[in-house]
Amino acid sequence: MSIFNQKSKFKIKTEIRTVRETVERPKLKASTSSSSIPTTGSSQHSNVRIAGAGSSLSRASSTPRLNGTSHTTSTSSSARASLTKVTTIPTARRIQSASPIPSINGDGRSSRKRRAIKASSRSPISPHFSEDSDSDSNGDENWEDNLDARKRRKRVHDERPVDVNRKLRHPKIWKGEEADQVERIPGPAIIHAAKVASLEHKCKPALGLKNEEVAVRLQYPGARYPERYELVEGKDKIDAVKDIEKVVQLAASTYLTDEEGKIFLDHQTGILRKLVKSKNRSDGPGFKAALREYNDEFLKLMRKGVIVRNLDKMHGIPRELVDFILDQVYDRTVAPRVELLAKYQNGSDNVYGELNHPFISDILERTNLTSDKVFVDLGSGVGNVTLQAALEIGCESWGCEMMENACNLAEAQYDEFLARCRLWGVKPGKVRLERGDFRKNEKILEVLKRADVVLVNNQAFTSQLNDNLVSMFLDLKIGCKIISLKTFVHDNKNAENDVATSILDVEHLTYPEGYVSWTGASGTYCISTRR
């Protein structure tokens, strides 16, 4: 029964000027319909993406807008979950991706599952997988809510304070036809989606199209040259239809004002609505027609310099876009060869496991990292975290890895990352990926002296390596933050030569479910501050 249809159990006093008497509230007539009281439970998902470290379930703060000013947003528990010293907040809605195996959420991101590394019993090497939670049945029903301008802006902008020192526009962004008259710059050397998901790769045509009809092109905000796609579907392959829909949504909602983006995101006539309706009806020709319309209309705005002007007023990238760019890079470089990461030496320091995108976002925010600071990842794997810090924050970002296969994949990601950033028109921070033992790499030892945040995923490190790291921390500057899965301070406070106790202040924290690749469970981590 609805709470508005229950009989009142209370009596209240109503004060009148000269007379005081007890008045019983009128009893409401009981409703014949049976309705339940809505509840806000802790809806769980196996892989969560949750933005923002140390945030409360509802917090207001300043975020960048296209006009260069800031506005205040409040994030509900359905969008964020906080990290606390005592408990883990139930997992929330932002679910994506991650290292090494991105997962899936219901907001239109890639729905394909990564290839499983056949080492499920070899924790922590085993990446975490989730089932596809998307359904074509929820295409049109919630369309207007999904495209409501205020909700869309709330999704796009983050709670991170504005970093006014960050310059977001890529130096090689296409500035329109006038720029071509001066110098015609070649397009970025990306790995096109059609190179990894196509009929040639034994995929099947999607949306009822014939083989000769699947080829399409997709326009991006930063370059005049589009990406080639084939509208196909296949196991462990890029979902071209969802990828295209997501690019259209992010390009319009991030790079344009509400008025400029109306043609793409209008509730009734928007191009994105046309794409979704065509997908739900398996209308291939209709989908292709809507895509051509998007390409033409967005290119018109690019020719007028609208994208460049708007980017110049922005100082940060929405996390939704950060995650999507990183996933695009991963899909085209690591995913086709992910089985290489299963080759490791059991019981050694060379065990592969990654921290997922939302965990890194939390860390970057909690440590107050900005574009003028330095981030170092010791044991950087395929480079996911190093690239994320450079893109999300714009800071100088270093990584060092000694496993050969991981290093090779990291280099492939690095090349595609630079090309993708240019394709999207955004400038990342400087990235440096080093090979070898970080205890002996001269460049790493030198950059540690000026590092502001150091990440060490020491979940599977030997005690000897952890002790070696403590010795390296002696060279860190005062105030440097060290993020680790295990503490470097011994439980025995009287342990001889316990250097960590004398140089580190340690804060113990809890992360929610889905934050790491080797398990879906929650866990603990530490933030140590050099003193």
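The backbone N, Cα and C atoms fix where each Cβ goes, and this holds for glycine too.
Owing to the predicted nature of the structure, the values given are computational and were not obtained by experimental measurement.
As annotated by Swiss-Prot, S-adenosyl-L-methionine binding site applies to 352-355, 375-384, Glu401, 437-438. For 12-27, the entry in Swiss-Prot reads compositional bias 'Basic and acidic residues'. Under the heading compositional bias 'Low complexity', Swiss-Prot lists 31-62, 69-78, 118-127. Taken from Swiss-Prot, the feature compositional bias 'Polar residues' applies to 79-102. Under the heading compositional bias 'Acidic residues', Swiss-Prot lists 132-146. Sequence annotations record features per position, and here Swiss-Prot assigns domain 'DOT1' to 214-531. Under the heading region 'Disordered', Swiss-Prot lists 1-146.
Within the same chain, residues at least 6 positions away in sequence whose Cβ sits under 8 Å from that of Ser380 (S-adenosyl-L-methionine binding site) are Thr386, Gly399, Cys400, Glu401, Ala410, Leu433.
Cβ neighbour density within 10 Å is lowest for Asp437 among the binding-site residues Leu355, Gly383, Asp437. Within the model, the domain 'DOT1' (214-531) carries an average pLDDT of 93.
For Asp377 (S-adenosyl-L-methionine binding site), the number of other Cβ atoms no farther than 10 Å from its own Cβ, over all displayed protein chains, is 28.
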